[in-house]
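Below is one structure, written out as structure tokens; comments come after it.
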Amino acid sequence: NSTTLVWIPDPEEVWKSAELLKDYKQGDKVIQLRLEEGKELEYCLDPKTKELPPLRNPDILVGENDLTALSYLHEPAVLHNLKVRFIDSKLIYTYCGNHSPLLHHHGIFYIMGNVDAHILVINMFLCFRDERNQSIIVSGESGAGKTVSAKYAMRYFATVSGSASEANVEEKVLASNPIMESIGNAKTTRNDNSSRFGKYIEIGFDKRYRIIGANMRTYLLEKSRVVFQAEEERNYHIFYQLCASAALPEFKTLRLGNANYFHYTKQGGSPVIDGIDDAKEMVHTRQACSLLGINDSHQMGIFRILAGILHLGNVGFTSRDADSCTIPHKHEPLTIFCDLMGVEYQEMSHWLCHRKLATASETYIKPISKLQAINARDALAKHIYAKLFNWIVDHVNKALHSTVKQHSFIGVLDIYGFETFEINSFEQFCINYANEKLQQQFNMHVFKLEQEEYMKEQIPWTLIDFYDNQPCINLIEAKLGILDLLDEECKMPKGSDDSWAQKLYNTHLKKCALFEKPRMSNKAFIIQHFADKVEYQCEGFLEKNKDTVYEEQIKVLKSSKVSALSPTSATPSGRTLLSRTAVKPAKARPGQASKEHKKTVGHQFRNSLHLLMETLNATTPHYVRCIKPNDFKFPFTFDEKRAVQQLRACGVLETIRISAAGFPSRWTYQEFFSRYRVLMKQKDVLSDRKQTCKNLLEKLILDKDKYQFGKTKIFFRAGQVAYLEKIRADKLRVACIRIQKTIRGWLMRKKYLRMRKAAITIQRYVRGYQARCYAKFLRRTRAAILIQKFQRMYVVRKRYHLMRAATIVLQSLLRGYIARNKYQRMLREHKAIIIQKHVRGWLARVRYRRSLKAIVYLQCCYRRMMAKRELKKLKIEARSVERYKKLNIGMENKIMQLQRKVDEQNKDYKSLLEKLTNLETTYNTENEKLRSDVERLRMSEEEAKNATNRVNMLQEEITKLRKELHQTQSEKKTIEEWADKYKQETEQVGKTMEKKLVEETKQLELDLNDERLRYQNLLNEFSRLEERYEDLKDEVNLMVVSGLKDSKIMCCLWTQDPSEKKAPLDMSLFLKLQKRVTELEQEKQSLQDELDRKEEQALRTKTRVEIKPKSLDLNPDPKITIRQELESENKKLKNELNELQKALLEKSSPEVTAPGAPAYRVLLDQLTSVSEELDVRKEEVLILRSQLVSQKEAIQPKVSNSLQIQSLQDYHMLNEDGELWLVYEGLKQTNRLLESQLQSQKKSHDNELEALRGEMQSLKEENNRQQQLLAQNLQLPPEARIEASLQHEITRLTNENLDLMEQLEKQDKTVRKLKKQLKVFAKKIGELEVGQMENISPGQIIDEPIRPVNIPRKEKDFQGMLEYKKDDEPKLVKNLILDLKPRGVAVNLIPGLPAYILFMCVRHADYLNDDQKVRSLLTSTINGIKKVLKKRGDDFETVSFWLSNTCRFLHCLKQYSGEEGFMKHNTPRQNEHCLTNFDLAEYRQVLSDLAIQIYQQLVRVLENILQPMIVSGMLEHETIQGVSGVKPPGLRKRTSSIADEGTYTLDSIIRQLNTFHSVMCQHGMDPELIKQVVKQTFYITGAVTLNNLLLRKDMCSWSKGMQIRYNVSQLEEWLRDKNLMNSGAKETLEPLIQAAQLLQVKKKTDEDAEAICSMCNALTTAQIVKVLNLYTPVNEFEERVSISFIRTIQVRLFFAPHIVCLVPQEHISELK
């Protein structure tokens, strides 16, 4: 269709992008296209193939990190993707298929990175998957970055794995690089550090995947470079390093000089490399040799050999004739060579000009020509260097060899890539042969992985044809192949390059399609390799394959006198440096040739290559294809022609073709659902993601062959992802326009309201300020006027008095004259004004009408013109998008500012709400207390008033009754008449009452019987509980016996009195007794209520009727039974308490009854509760008895009155007098009771109030003291601050311990006091039961409480020492350190118990003055702590526990062993406990060092736990869902068959932090130490997060900045919840906060640049520029940061010295 983007060939750029202008129809021969620069052209299709130009991928797929993820897979798509990633995104790595090569297309390397595509990503994924050995194959052209990539891979393994021993194997592995580079790398025209040999390094690992050793294999060293270098090239680096270091004293004997002096180093004409200091490189080389075990003597031997090679190259020859030559006498270069090598000058000069020929019968010496001598000299130099190279490699392997059994290995192959030059020789042939083998292995591996991917996903799949280069390999290595014919020609006596070429033509020409002959040459041949055709020149093949050197020259070297070269100086392999020489003479004598001599270079190379292929096939290979972007070594410059040439040569396009033949685009179901959720309706979304995706694809793509559903992924044909993206983009564009419309209207309204409110506020303040200024001005003006007024008044008055006399005379004359003139003038003016008024009015009206008409006309014209312009402008703005962009500028910043303000307001609101709730709770509690007190007082006051009112009312009634008495006497007669009738009625009523009383008495007797039955049941239950109690006592005794051993140490802390032993307690018995007491209270209350009700009924009946004596005697019966029943219950409780006391006294155990033990506390609580119950029972008995006595006294006068009822006249009077007396006595008792209750309540309230005031005062004093201490600590340096805080904590804990000891003693006194009180109460109860309680009134019982006798206890003097024997020391260490569980101590005991016990043992040893005991105890303690930490060093709880105890033990030693800073705060009692015989300063230092080590180990454990969580929780996990729903184009997560095993969230990090904090608090760690640990934890979190943010482009976006700021706010909220805001942890997150703000601020104008420079003061310039470069828009509505803006930032930061980085300098490199 039209507007489709395609690729067309181009001779300059290889491929160009063009847009289709006209729809293509079947049969069209020409296509109308428009190039990107706007040029239109007609593209003619090939009439034979009629192939259409390849399509271009959509923009979302441009910049993909995996080439197989492209929708259209072909050459132009691959080339454009690499160019975009390299030029635009500055990304130098790209994937090429699943588990396929990683393309490194040159550039600047990153030091670390968990980035999208990187060399280290390959290293991360290959770590021994499926328990198989791994290989990394790095290949490419010279200068493409093979050596650096291999070096980074080795550095990564050495960094993350570590060594299994203390030998630092990983450092040795890395140290092999500078050595091998110095002797095997050289400068070429394409690369300044080109590897001139191939190497395969096997890095060995143990079962825990730690490095244990390594081994290196080398291939095909370029020996010819030793004697010859092309123009602009150099020899091996080691020669130039020696020449640069010639001035060193130890190198004086080598007699070296400038590199231009030696023939072997000056041929290239380029002895110096820009930016490289050969002298410094020499230092690094020597350091690496020392690290690998090459001692100084062997190093000097190596340097002597190398210097000898240089001097050997300067040896010159003089021709005597055509067949012979000679060396001048005492030739200086040869003399130096012989001195350095320790050989005879005559012998060496002779054999350099002669050779020995051996025949069957005789041997003779033949001179050689000058050319042959030069060749022999160069062959000897190459041979010496090659053998020296092999010796160094063997020594490196020996140094890296490990005796531990190797579990697995990772191999790194750094080998030459495919090479083709104008003249190709034997070296290029071997290199291309090796690349053919590697390409075959690569094709098979990639093809196999592609098949496995489809089989694993279970989708239909047809096999793919791919290029097989086996015919080319057979041509080279098969029988009668090129190498076979070459070896055969080398064996011929007169073999030559020409005869070998003829054999090749005869054997392979026209028989093998891959072998060709050049047209113009008979000494060359052409091979069709997998990458390209290569023409090889046959000249020199035989000589290089033979590697000939004369045996006589080797024999001269073997006779060396130098120790480093003589046979006595053995190398690690048992040979000398040159004794391993495999000599191949020019013509070997029969019977002396060995197998080693028979092997040619080609044969050896083929065998080593076969061994390499076997190794690679036995491992899982991973490929890194290095692409060189340009030949000029320019950074980020892309040459399309060179890139396409290398892509074709390295087989990447073949790999892409294999992937493209199937389903190149792959999405997991979750990724597909997240990406194309916008194309679904709500009803289409199912719980099953897989079925949802299937339904959507069936609707969108009708051709089912275009996609396949696998088990975990969806596979698409080429072009389908682009079609889906087009549909999605159309849908999002419509939705976005609607959202923009709504949001922009809302934003403008909010902006208007905000601006209006701000304007009103500004106006208000400005007007107020102006009004105040004006008022001030008026006051000052008025004051000045007043001053001026009086001053001027004085002056004028004075002058006035002087002039007044003269003025009066003149006035009288002048006034008349003036008045007359004035009158005339006024008359004339008045008349003229009248005339002017009428004329001017007429003129003004005429001029006004004319002006008004003209102005109105001009206004209409001008307004019409401006309206037209405004309308046109609005129409243009309505059509443009720029207007919306301008309106949207700054909205992100304002949103973030508003969000930040809302967060701060929410935090303030939360804090204020918490304070308000706390104040409300305290206010409510105080209010409730006061209200309850007021209510009680009010009730008591009302009751008192009611009582007084009742007394007054009764007195009034008495007076009324007395008055009525006289009336009753007058009415006596009438009453006597009715007396008879009344007697009859009373007799009837008495009978009915008697019946009722009898019935009620029977009912009470029934209730009494029921109660007795219940009591019998309780007795049975009590007997059963007694049996259970005996069983429990036996069990407790058994438990006590078993626990005696464990409690011995605790029992030694206090000295016990044998008379104070207590027995174990049966808890169930006490619970039963308490339950029974509550039941008795309820029954008592019910009986009391029943008794009151009966009394009221009886009183009412007695006032109305006459009660017979018989009925009166029946009333006390139920009360007596109730009293007896309560007394029996009291007796029963008393007996139970006596039994408990006997049990406690008989079977007591010091282990259980020790102060502070659980049984002791339970016993104390139960005793107090029982004593309180006894007090309550006693009071109840006394009250009931007093009530019975008072009722009995009240009944007696009534009985006497009833006996004398016959005298009817006195009946009413006596009855009334008795009732009034009873009421009066009852009111008096009630008043007394209320007054006593009121006084007691008031007294208790006053005591409580006084106690609360005292507690508040103590808290204020403590708070002031803490604030003063904090202020003092803040003024101290950090070390002194920590020491002062530790000292303060020790003092606080010591005071708390002393307070606890005092409380313990008080509790002992209280127990003894309660025991005495219990005995006194039991005695008093017995006396009350026997004594005469009738004579005691209730008021007396209440007013005179029983005061228990207080028997003081004798104070104990505790020594604070723990006695132990010398033999018990291992047990003490074992129980206190080795076998101690931190969790048990933290939960059940005090945290610092081991430290206190150890210090008590130290005090006892000091008391005995036993220095051996002190030394042994402290040494055992320190070794035990180290042993525990070594055994359980990765357990955070264990490390935290021993850090706390070590610090506590150290502080005890400082406080009591002579540390002045600690001892000056001691009390006199504490100074008595100081050590008297020993000064433990050395041990304090050892313990201090141990505490520092434990702290560092704690930080390491903490870092290891948090390290996997930080990146996932802080960066990758979306805490705020929906903020980053769309990922930047080109940075989609790489599709991989390996899913993440687990992900971490921010909640995971916070939960882990809560765990760390709770563990440290449980172990009683010092608060300052906790703050330091938290600060270190937050620093690690911020550093790791910022490090990954600076290395991940997909994280540098606006939405990710908001996510990071939210996560940081959550961490700050955690600090606030834990009261750790002053720990400095928040400041460590400042760089991360500023980096997140940098992602969110506006980045366009100069004002934005100024704001960024002032805001990011905790980031370096490089970090700021890095973030701005990595900033990636998430969608099309964001924009990239322009290069000009970044340069503006750099300039401003460069000229801004006030900006200081808060990150420490030593961590900046780590963050980079």
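Cβ coordinates are placed from backbone N, Cα and C, and glycine is handled just like the others.
Copied over from TrEMBL, here are the features:
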{"type": "BINDING", "residues": "G140, E141, S142, G143, A144, G145, K146, T147", "note": "ATP binding site"}
{"type": "COILED", "residues": "881-971", "note": "coiled coil"}
{"type": "COILED", "residues": "1001-1035", "note": "coiled coil"}
{"type": "COILED", "residues": "1070-1146", "note": "coiled coil"}
{"type": "COILED", "residues": "1224-1324", "note": "coiled coil"}
{"type": "DOMAIN", "residues": "1-53", "note": "domain 'Myosin N-terminal SH3-like'"}
{"type": "DOMAIN", "residues": "62-729", "note": "domain 'Myosin motor'"}
{"type": "DOMAIN", "residues": "1419-1696", "note": "domain 'Dilute'"}
{"type": "REGION", "residues": "609-631", "note": "region 'Actin-binding'"}
Using all protein chains shown, find which of the binding-site residues S142, T147 scores highest when you count other CB atoms within 10 A of its CB.
T147
Residues close to ATP site centre defined by G140, E141, S142, G143, A144, G145, K146, T147, Cβ within 8 Å:
N191, S194, G417, C626, K628
The domain 'Myosin N-terminal SH3-like' (1-53) - residue tally per DSSP class, helix then strand then coil:
0 helix, 24 strand, 29 coil
Going by a 10 angstroms cut-off between Cβ atoms, which of the binding-site residues G140, G143, G145 has the sparsest surroundings?
G143
Tell me the residue counts in helix, strand and coil for the region 'Actin-binding' (609-631), as DSSP assigns them.
9 helix, 7 strand, 7 coil
Cβ neighbour count (10 Å, all chains) around E141 (ATP binding site) is 24
Can you work out the mean pLDDT of the predicted model over the region 'Actin-binding' (609-631)?
84
One finds that other Cβ atoms within 10 Å of the Cβ of A144 (ATP binding site) number exactly 24
Including all protein chains displayed, how many Cβ atoms other than that of K146 (ATP binding site) lie within 10 Å of its Cβ?
26
